[in-house]
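Single-structure report; data block below.
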Number of protein chains: 2
Amino acid sequence: RRMPLSEEKNGACDGSIYVNNPHLDSMKDDILYHFNLGTSTHDLPAMFGDVKFVCVGGSPWRMRSFTEYIAKELGLSEPNAEFPNICEGTDRYAMYKVGPVLSVSHGMGIPSISIMLHELIKLLYHAHCTDVTVMRIGTSGGIGLKPGTVVVTKQSVDSVFQPRFEQIILGKPVVRSTELDAELAEELLQCGKDLAEFETVIGNTMCTLDFYEGQARLDGAFCSYSEEDKQSYLAEAYAAGVRNIEMESSVFAAMCKLSNLRAAVVCVTLLDRLKGDQMTSSHDILHNYQQRPQVLVGHYIKKKLNAYKKS
Amino acid sequence: RRMPLSEEKNGACDGSIYVNNPHLDSMKDDILYHFNLGTSTHDLPAMFGDVKFVCVGGSPWRMRSFTEYIAKELGLSEPNAEFPNICEGTDRYAMYKVGPVLSVSHGMGIPSISIMLHELIKLLYHAHCTDVTVMRIGTSGGIGLKPGTVVVTKQSVDSVFQPRFEQIILGKPVVRSTELDAELAEELLQCGKDLAEFETVIGNTMCTLDFYEGQARLDGAFCSYSEEDKQSYLAEAYAAGVRNIEMESSVFAAMCKLSNLRAAVVCVTLLDRLKGDQMTSSHDILHNYQQRPQVLVGHYIKKKLNAYKKS
């Protein structure tokens, strides 16, 4: 089952999870430090071998609520069942599982999700998982969209609207593709149409290194540009097909592609950045918006599992 | 009290907190979204006006434990007192306060601490705080140091060992200095000598964008370099004065400098990266190491407050 893979290569078609690291096989033990799990302390194939869908999102509370939701949708839990946090020994990430669905929080920003994905990919590899689909369900700022619109990412682009992620290795930049699964994105868009509960669109997603200056916000502790500069930057982004802005999609796309994981990014827009920078909607409205990616992805998983049962 | 500041400039000597953003004064209300606080919903001067020390660290659990520790050290709490999480309405960050000491978690990586610092700087500004010292207490990987050694950062350097932080604004890089307060670093080193409980050194800290490939680890999901490549990169870092590696110090130093905040970075080393990559020490030993920056910074705060009382 273990494959020696010494060079960067992208997805083959046999459904296996790749770790692109020849050193791993010579390690007696692998400690997944930020999950508080390890190959010598946990039976990872028994715990995770049946995982087919992994949903990730920034907030630990949201990932717990997603697990409760999906358990109900799939008819896999008693009412009011409690789901233990599999990473309860650490406060870095939270992880929940119900049936074939694993749910993991990743914090905010590229470095935080990158640590989680390194350990998640190794976990899926050690657990001998196959045919896994990974979906990020998150929040974002929209550009020219009605708040509450769900954006399924076509391409994740950087601050100059290019579909690439730059990884620094030994002090030197290595550029990686941020291509996502186009078929999966179309299937998710179709789920949005099936549901007809909220607007769902496909568009490019800009992934930035921070929330304030990197997203041209005027309300941070520092701001050296004008409202006009902001509007002109967001207009350029819109012209490049960008419909929303968040902080994790580029490294998520790059790492999933390197690991042969089918991947999608599904984010709701909490506001229209052309009209403002602050999150002024009520708590209830924002809470409702945040459930939309969960509902969309939940519908997709249910549809897939039903199709699988029938086949 | 409010100062219009339209250009990037660094610390003056009057002790005020700077926000370098001319737009803020025209906002009726300022929502500190990721803290779940705001100027129209909370009386920030009453809640935070007396803050003189802010301690920040990645883990919310560690920041709560620091607050319990410092309360006891300063004689500011009943035994077994509970400290409410001031940001309890959100799971993005946790915040605790006892007397003049505020304690805030920041998650992992530059983007995560950057969001927190934008909102912290605005919070201190709205609360009219003066003469504030901010200290990051964290964990790190050491280079050529005995595990458990505490490193007070002299300079925070990037992956090619330069003391700079690159901020992307409107798609273009802006380079900022990562200079920290040299006098404060010396005072903290002296506190280490006063305590004589563990080794404390001053050295450069390399701040990376990820934990695995960016730090030349051999145990991530991907690794395209050899053990020799790793050792030679770490040797270069050591020759440039780098004694530890973490993921937040550069933007922390840059933002504090822009805001006129005295700042220091105090991190314990959990392992010696020349000897390995995995955190193999026992839970108890790692837990003991993690308390050392708290003890050092606690001693410093106590010393300062005692000196203030006497003067």
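One is the number of the first residue shown, and numbering goes on along the chain from there.
Glycine is treated like the rest: Cβ placed from N, Cα and C.
TrEMBL annotations:
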type	residues	note
BINDING	B:Arg92, B:Arg136, B:Ile137, B:Gly138, B:Thr139	phosphate binding site
BINDING	B:Gln215, B:Arg217	substrate binding site
DOMAIN	B:52-300	domain 'Nucleoside phosphorylase'
Chain A, Cβ under 8 Å: which of the binding-site residues B:Arg92, B:Ile137, B:Gly138, B:Gln215 qualify:
B:Arg92
One finds that other Cβ atoms within 10 Å of the Cβ of B:Arg136 (phosphate binding site) number exactly 28
According to DSSP, collapsed to three classes, what secondary structure does B:Arg92 (phosphate binding site) have?
coil
Between B:Ile137 (phosphate binding site) and B:Gln215 (substrate binding site), what C-alpha distance do you get in Å?
20
Across every protein chain in view, the count of C-beta atoms other than its own within 10 A of the C-beta of B:Arg92 (phosphate binding site) is 24
Fill in the CA-CA distance, B:Gly138 (phosphate binding site) to B:Gln215 (substrate binding site), as an integer in Å.
16
According to DSSP, which of helix, strand or coil covers B:Gln215 (substrate binding site)?
helix
Where B:Arg92 (phosphate binding site) and B:Gln215 (substrate binding site) are concerned, what is their Cα separation in Å, rounded?
26
Can you tell me the CA-to-CA distance separating B:Gln215 (substrate binding site) and B:Arg136 (phosphate binding site), as a whole number of Å?
20
May I ask for the distance between B:Thr139 (phosphate binding site) and B:Arg217 (substrate binding site), taken between their Cα atoms and rounded to an integer number of Å?
16
Here the 10 Å Cβ neighbour count for B:Gln215 (substrate binding site) comes out at 25
Between the Cα atoms of B:Arg217 (substrate binding site) and B:Arg136 (phosphate binding site), what distance do you get, rounded to the nearest Å?
24
Sparsest Cβ environment (other Cβ within 10 Å) among binding-site residues B:Gly138, B:Arg217 belongs to B:Arg217
Run through the Cβ atoms and count how many others sit within 10 Å of the one on B:Thr139 (phosphate binding site).
21
